[in-house]
Amino acid sequence: MEAGAGAETEPLLPPRSWLRRAEEATGSDNDLYINQAVVFIEDAIQYRSINHRVDSKSLWLYRWYYSRICQCILSLTITIILALAFIERPSSLTITSDVRYRLPAWDPPCGLTESIELLCFLVFMIDVSVKSYLVGWEEFWKNRWLMAYILTLIVSLTDWVVSLSFVCTETVRIRRILRPFFLLQNSSMMKKTLKSINSTLPEMASVVLLLAVHLSLFTMFAMLLFARTKDGQQDKEWVGYFRNLPDSLTSLLVLLTTANNPDGNLFLMNLLTAIIYNQFRGYLLKSVQSSLFRRRLGIRAAFEVLSSLKEAPANAEQPYVSAGALFQVVQKVEMDSRCKQAIMRSLKIWSGDHLSAAQFQKLFEELDKDAIKQHPPSPEYQSRFMQQVQFAFGHPYFGYLGNVVALANIVSICVVLVMDADKQPSERDDFFLGAINCFFILYYLLEMLLKILAMGLKRYLSYPSNRFDGLLTAILLVLEIATFAEYGFPHPGWRPEFMGLLSLWDMVRLVNMLIVFRFLRIIPNMKFMALVVTTLLDLVKNLRAFAGILVVVFYAFAITGIMLFKGAVVPMGNTSVVNTTYNNGTLQCGTYEQLEYWPNNFDDFAAAVVTLWDVMVVNNWQVFLEAFSRYSSPWAKIYFVAWWLISSVIWVNLFVALLLENFIHKWDRRCHRESLSDIEYQRTVELMFRDVLEEPTEEELMEKLHQHPHLHLCR
């Protein structure tokens, strides 16, 4: 095996013309092979492409680039350049975004945010330069993301120069809309998700077209049915909703998003969800399949490199790797400590001195396994009495008893609250509630101590539910001691007099809220409820790619909204509002002004984000649709409808699709995995589809390796 020719490569099989020269080269060549194998395995761990330079200097640069420090600097730079939208003109540093009371915002001097931008651009230029060098010239022209990266930087720098030329007084800054690209290109999972979304769009378009036909037909029916008549009293529907074609379409589109329209809300929208789930799951599965291929390819590349070490005899029929060389490689690889220890243990107990390609690949299947957390063992007591105590208080039934006590605590609090609901604070006697809290808190403290005695402190703290219980118990105990110190022990006539900042009733309410929160401890003991909760928690862990894409879309639409609608909304006292209806001097019910939605505007970035969020969750979004059409232009409806389609229809349905996939996957595995109380499994997006992924064949792997632009195999 040898690296590609040219200045960028180093030969993997040096010439053996002179024995002395070969012996001198052996050590340096072996070091090169080891470093190449280390990088290829790290590529496999992170699902990275192996199509990069493999000479010594490039390998050093490659590992430096993907080091934790460099990646943290790059992530920090992306965060800073995105956060500039909050402080640059128009600044969000105001007390309120309400246009009626908003004071002039802080206006940063020209050159301040631009200097920060320039530093960020310098980091991005270094980033794209290193990436372009590492992949090589041939691969650079095939990588659309790198070319788009360079184009984005060129446009941004040009716009930056124009901004300084106008002394920061220009109203349109194109580079602000391009900033989310830096976040997008830095995440491989976001790229895969975006590719999956892009592939799903044709199927979505069919349902969106059906929605458009549905709206168009019913718009025509409505305009014919509610046409203008001679009797003005009968024209309320025409005036309010069906005056012209745009108003009619808008009215029925708003109706489509409410529960008053069952044919759209129950049938068409759910049909769209089903299609998105079916198609997106397929494309995401393909994306994850390609990730698996990258991992297998990286492992196989490491094997081929290590098989070129000078330890192998020239007449060997099958290539192999020595266990010692692999042990040396694994020691240098940056990987999860759990996987590294498991691979090290397997190597130490390996019966032979060499590994074949299949054995080598199987050894690294540890990377594909669920992350397993093993709990520490319980302490071993010699005393017969302590063994019985350990058995009694370490048994699951003792935990069930705690759940029953927590339920009794909740019921008792509810009874007292119902009895005191109509009483004035001066008439309320907190003796019973205080005594009940004191009793249950003492039980929680005793339960915690007995569990620690039975399980040991390390094992007790290894369970998240125990840490949750212990923390709340400690807080409740501190609050109860503070209450007794301030107000004395519970007694008849214990009334909520103010002493300091809080009254007795405030302290009791705080304690009771924590007790209610503690009742969540029953969730792990209820299988179906635990299944739902773990599904939601795993979904939150795996939502980074989806959340990142949502941030990108939010950012772009917020900046666009600022450019379109900044200063459009003005207080009514300052100007006359066109087409605003008054009834006896009051505003029409349900309008932007009557609902006092003044803080929802596009005068700064923070206010724009909040406004877009309200539209995404369909919170009276027709109010914003009508108001900004009236304050700016009727064409503003296109902006809000586009945002509703992208955020509320497409992204929310994608979120539902991922939620269903995660839940169904866990539901199917629930019957096949035995219940192990001492083991906790953690899932990732890749592991969700692990059962249905296909392993690549050796022919596919070798064919791909032969196509490597910088690494040429001898066989």
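Every residue gets a Cβ built from N, Cα and C, even glycine.
Keep in mind it's a predicted model, so treat the numbers as computed, not measured.
The feature transmembrane segment, as given by TrEMBL for the ranges 266-285, 606-625, sits at 266-285. Within the model, the domain 'Ion transport' (399-663) carries an average pLDDT of 78. Comparison of 431-450, 471-489, 638-660 by number of C-beta pairs under 8 angstroms to the transmembrane segment (545-565) places 638-660 first. Residues of the same chain lying 6 or more positions beyond the ends of the transmembrane segment (65-87) and with a Cβ under 8 Å from any Cβ of it are 42, 46, 48, 93, 106, 108, 113, 116-117, 120, 123-124, 127, 130-131, 134, 176, 179-180, 182-183, 186, 551, 555, 558-559, 605-606.
Highest Cβ contact count with the transmembrane segment (397-419) among the listed stretches 146-169, 204-227, 431-450, 471-489 falls to 431-450 (criterion: pairs under 8 Å).
For the transmembrane segment (431-450), the residues of the chain that approach it from at least six positions outside its boundaries are 389, 393, 398, 402, 405, 409, 412-413, 416, 420, 469-470, 472-473, 476-477, 480, 483, 490-494, 508, 511-512, 515, 518, judged by C-beta separation under 8 angstroms.
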